[in-house]
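Undergrad: Got a structure for you, written out below as structure tokens; questions coming shortly.
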Ligand SMILES: Nc1ncnc2c1ncn2[C@@H]1O[C@H](COP(=O)(O)OP(=O)(O)O)[C@@H](O)[C@H]1O
Ligand SMILES: O=C(CO)[C@@H](O)[C@H](O)COP(=O)(O)O
């Protein structure tokens, strides 16, 4: 029996087709997404169909689940049409709306009700921004979905009239606990939407996707494959890695995320660690930065080198790059909550401002922000026995080696792979088989901690 998993992430769409029992990879496909922090969801649908075609189609697939970038606001009118480009998790225009919501309700109350202190990333702040900045668009909103909910709905044949087989049945929208927990108007402790918060943000009530359990099916594709509840991408990755007690996952994609699977919900009124739900019925404390793999993309482009060359020159510099510190807030920052920040390079002398120094400082600065996230997890009682390093930039040898100088626990690098799509496929197998199969995870590197304290100390000293 074959199952499919999809990762509709910020930069691209990836599809894997696997054997349901063993998890063996059978086929895969991918397609790019457009750049930008506001994107027409039609582009994700086009990319998904291209990636499915690249993976040889779904005709022989028994079940499929969609993992996707979290928080994006997909606002639909009563005809199931997308009202405006979706504002993505890394769009910071709703920072003022986040402050307004905190002023109205208080951070403590919002954490107690939704698990989150609003920042620009979360859906609730995007809805408030829409209400205030585009009142005509806000008035037309009949339903609000997230990227993975909307793609699952389209896969099942729903959509605007003329563009879909089954038409705009908004009540058929479905989601899962993990993605619902990133909206800001759903509580992972009660398992219910908080309609008062939704109305406070959007200005009126709207249809929200039904929240399914981890092994529930939302329905079927037109070809008859079961469609699972799907997941937010980080929860998908945790499922794909079979993350358990002691595992802290550090994912370096467009976002940098630090997360762990927890039996109990977590509450952090500072907002550093969001109290998300996971894709197994448990919880997923998570801390996220806006500046991760693209810090390396940017510095590699400035230096005119490819990723391998960047790794080579970064490792020519000593740990700490002689005091050169890059605070890498190129896209503003979410953790810490500094949406309008820009990047700053500290400690430049003629001796330190070199190509190796800059390459190393870029990787160190990006990883120090994630190490701060790990500390915040520990402060909530999360046990960290090892870091599991995944995401596009985890393929970089310098990122791996420098991670071992920054994290004070062993760093395990699973074999390069699409862990979000794999987790979605594993969920699809759960739906199809009726039980969650164990799939083997291959490891390609285990790095013992080689902590060099000055790296984090000098980064902390530059913190604003
Ligand atoms: N060898 C590498 N070294 C550093 N960065 C890399 C490498 N390979 C890919 N990347 C970066 O990883 C990112 C894509 O990672 P991915 O986890 O797929 O992101 P997302 O899930 O956010 O779309 C891109 O910014 C890409 O440039
Ligand atoms: O906002 C978050 C998590 O809260 C991000 O992790 C997004 O879910 C995007 O993920 P990537 O596309 O970077 O993997």
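Placement of Cβ uses the backbone N, Cα and C atoms for every residue, glycine included.
Positions annotated as active site, proton acceptor by TrEMBL: 233. Taken from TrEMBL, the feature substrate binding site covers 70, 71. What TrEMBL records for 3-231 is domain 'Carbohydrate kinase FGGY N-terminal'. As annotated by TrEMBL, domain 'Carbohydrate kinase FGGY C-terminal' applies to 249-430. The site 'Important for activity' feature in TrEMBL is assigned to 7.
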Undergrad: When DSSP states are folded down to helix, strand and coil, where does residue 70 (substrate binding site) land?
TA: coil
Undergrad: Using the alpha carbons only, what distance in Å do you get between residue 71 (substrate binding site) and residue 233 (active site, proton acceptor) once rounded?
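TA: Taking the Cα atoms only, residue 71 (substrate binding site) lies 10 Å from residue 233 (active site, proton acceptor).
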Undergrad: Per-residue pLDDT averaged over the domain 'Carbohydrate kinase FGGY N-terminal' (3-231) comes to what?
TA: 98
Undergrad: Taking just the CA atoms, what is the gap between residue 7 (site 'Important for activity') and residue 233 (active site, proton acceptor) in Å?
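TA: Computed Cα spacing between residue 7 (site 'Important for activity') and residue 233 (active site, proton acceptor) is 7 Å.
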Undergrad: To see if you understand the setup: which same-chain residues, six or more apart in sequence, place their Cβ under 8 Å from that of residue 70 (substrate binding site)?
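TA: Counting only residues 6 or more apart in sequence, the Cβ neighbours of residue 70 (substrate binding site) under 8 Å are 89, 146, 179, 182, 232, 233, 234.
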